[in-house]
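These come from TrEMBL:
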ACT_SITE  Glu115  active site, nucleophile
ACT_SITE  Glu119  active site, proton donor
DOMAIN    35-229  domain 'GH16'
CARBOHYD  Asn123  N-linked glycosylation site
TRANSMEM  14-36  transmembrane segment
Amino acid sequence: MAVLSISSSSHSKFFVLIIFLTYIISLSSNIGHVIAAGNNFYQDVDITWGGGRAKLLNQGKVLTLSLDQVSGSGFRSKNEFFYGKFDMKLKLVPGNSAGIVTAYYLRSEGSTWDELDFEFLGNLSGEPYIVHTNVYSQGKGDREMQFYLWFDPTAKFHTYSILWNPGHVVFSVDRKPIREFKNLEPLGVPYPKSQPMRMYSSLWNAEDWATRGGLVKTNWSQAPFTATFREFKADACVWSNGVSSCNSSDHRDWLSQQLDSSSQKRLKWFQNKYMVYNYCRDTKRFPQGLPSECNVTIK
């Protein structure tokens, strides 16, 4: 009877090969989920406009957008996504930035697009920035909420996050939730759940409305204005050729994440203290009645 004999050297090589193959299988099972690791904008985004005003620095670890009297600038993610959790570290335009808007958002294509917005409205020196948020579903927006921040967003980097899953959208700043938009489709409220979206960012002039309703104009003697980005992270499902990289067996934490009671309390505290505008309280804007989601008590 033949006996199969494996030397200790061959056994070690075989063991190493098994470990390597296990690693490759594990890696391939996660590809398409953790899309952007926050290390290189060269890999994650395309600069889409600005004529050289958008710059990649530090081997792609930092991206700056600039605005002057001729043009602003912008970029977008290479990938489209269908649900995910998106983080960006951002340092806003310092000094007198009245009339300047820095935007960071998700958006789909087409005339009935979906969109989830962070827009940072500039200010006169020493006055607080306003964070403007909005939710578009099937081309319909008009869901603005605005907040002051509890820190100077021009002094150092802070993390701005958008969680988008089948149940809700959550806007967060430094891991603290500031706004939640629930999926209330059973009540007839459109929800962004049928279109993939890309991440976009831009720096542009909105002096006709951004600062005190357009009363304060941009001081171009302060130009160029510059905002700085780093560490974009997308733990998300990639959408490619009509197919999502996620499937029914995926168990990503963010895919079913909800705000627990403690987070809900922090959200309400923040809104009571820092909210500047809430469309659900603007009865003059909606004389025929507030949007239906405004009349729902969220528990």
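Glycine is no exception: its Cβ is also placed from the backbone N, Cα and C atoms.
Ranked by Cβ neighbours within 10 A across all protein chains shown, the recorded positions Glu115, Glu119, Asn123 are led by Asn123.
Here the Cα atom of the residue listed as 'N-linked glycosylation site' is found 25 Å from that of Glu115 (active site, nucleophile).
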